[in-house]
Amino acid sequence: MLLYLLVALIIFLQFYHLGSFQVWIPNESFYAYASRHMMEYGDFITPYYNGEVRLNKPPMTYWLAVVGYWLLGCNEWGLRIMHVFLSLLTGVLTAVIAYELTSNTKVGILSFAVLTTSFLFFANGRYVSPEVPLTFFVTATLWGWLMYYRKRNWVFLVLAFLFATGGVLTKGPVAFAMPALVVLLYLLLTDPKELTKKSYYFLGIFFFFVSMWWHAFQLIFHREEFLKVFYEENLKRVWGGEDPWYFYLLDTLVSFLPYSFLFYLAVVWFVKERRKELTFPFVWFLVYFLIFSIIKQKIPVYVLPAYPAMAVLTAAFLEDTKMEKVKTPSVYFLSYLMGIAYLILVLYLGLSYLFLLAVPLFFLAPKLTHSYAPLLSGILFLFLLIGGVLPWLETYRPYRDLGSYIKHLDPAGKLPVYELTYFHHNLPFYAERNIIRNKMPVKGSIVIYPLSGGFVCSPSRTFVMYTGSESRLLRYILDAKKGKRFETFGVCVYN
């Protein structure tokens, strides 16, 4: 009963304050603007951001935002709603895979909970980027293949390739190649004869070329820009970085909170207990971590498609009765750690003392519910983040007000708008017009400029804005508290 209650809280948490926070800088801004541009101009193939072609990613993420805009309007709710649905669907597929492998309903439901509350996955589910859609399509692809392999129903195999096609339209050929590598290694280890079936290769070649239609289109019509972006986004990253090979092993300790190193204990348990039924998710995890550990440029979200597999292994480990001498102190440690972090955040940011009422639950959770203590701790921490920390941070984000003020100054949208020295990527979305950057303004234009920058113009209004990247959330919170990396910007009509 408790597990079902926690799952209900997770679903509520996914939608809680979803549209309350302004578009994040920089990445979400690209999708917010370009998706609205698609709706306004009817071009659903080539994304445009701030007046320029943007080919960094295929169009699936934009299409999802367009669907949300169509349902709920061009606002933050519409922008993010489809991503939340996909994150929940990914959780459901993870639960189905877990149940298919273990025949244990609790493991399936807990797998859903582990995935959807792991911090990196949860954050990306409420933030528009290709990562959660990619994870959904990878998970759906591997679910389809697993069901085909077990039930020998061709419908599942065709579905697997269709989902892989969706992955390519989300983040390129890697979405086809990586699930294929998972299946290849799994069959090499467990059933090599299966690899002799010609249907895999015929269907694979056919669907791969079908999935590349967008890339072919852009190669024909935007050849120079497409080749440049394709090289930078897909090839250069293989050798263009300096992070150590063990980057993801360390990052998991934070990004996979509130479960963190419990996953590594689950791997030890899997090997020690020889749980052959979990070989598939183990191989799934292994392929992603090995391949992306070899690639030089490392970003935490690169291994996000491995999180469903990690959730299955972690859930199965938590529901098992083995290794209790290691599991029990680990659960206590993680719950206490989350509780201390929670308390520090409330006090440091000066949030409502009502949040302190939840602190005892972190320390009681391991005693009340052993297997679900990290889950309960994670839910409480995420409630603080969404209900306390981010609303506090919003007071430092005047972008919607600035966009409205620009529209007030020029309702018809006839004046060019410049931003000097810095560029806030969500302003084109909120001002509903292109913002010219890195150029000196002409007479008869609206100019946004830092007062300390030397540009001479009498501001009709000022705004204090952050000049760093909002994607590094912890640094952004600390900077907001300390007043670092903020500038006062003036807005004037330059005559």
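Note: Cβ is positioned from N, Cα and C throughout, glycine not excepted.
Curation plays no part in TrEMBL annotations; they are all automatic predictions.
Database features (TrEMBL):
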type	residues	note
DOMAIN	4-225	domain 'ArnT-like N-terminal'
TRANSMEM	84-101	transmembrane segment
TRANSMEM	107-125	transmembrane segment
TRANSMEM	132-149	transmembrane segment
TRANSMEM	155-188	transmembrane segment
TRANSMEM	200-221	transmembrane segment
TRANSMEM	245-271	transmembrane segment
TRANSMEM	278-295	transmembrane segment
TRANSMEM	301-318	transmembrane segment
TRANSMEM	330-363	transmembrane segment
TRANSMEM	375-393	transmembrane segment
Query raised in the report: Who are the long-range neighbours of the transmembrane segment (245-271) in its own chain, taking Cβ under 8 Å and residues 6 or more past its ends?
Result: 114, 117-120, 278, 282, 285, 289, 292-294, 298, 300, 302-303, 307, 310, 313-314, 316-318, 320, 322-323, 326-327, 330-331, 334-335, 338, 374-375, 377-378, 381
**Report entry** Spatial neighbours of the transmembrane segment (278-295) far in sequence, C-beta under 8 Å, 6+ residues away
**Finding:** 97, 101-102, 142, 146, 178, 181-182, 185-186, 189-190, 237-238, 241, 245-249, 267, 270, 302-303, 305-306, 308-310, 312-313, 316
Report task. Examine the transmembrane segment (107-125) against the transmembrane segment (301-318) and state whether at least 3 Cβ pairs sit under 8 A, considering only residue pairs 6 or more apart. Result -> yes
Query raised in the report: In the predicted model, what is the mean pLDDT computed over the domain 'ArnT-like N-terminal' (4-225)?
Result: 96
Report task. Report, as numbers and ranges, which residues of the same chain sit near the transmembrane segment (84-101): CB under 8 Å and 6 or more residues beyond its ends. Result -> 11, 14-15, 18, 64, 107-113, 115-116, 121-122, 124-126, 132-133, 135-136, 139-140, 142-143, 146-147, 150, 277-278, 280-281, 308, 311-312, 315-316
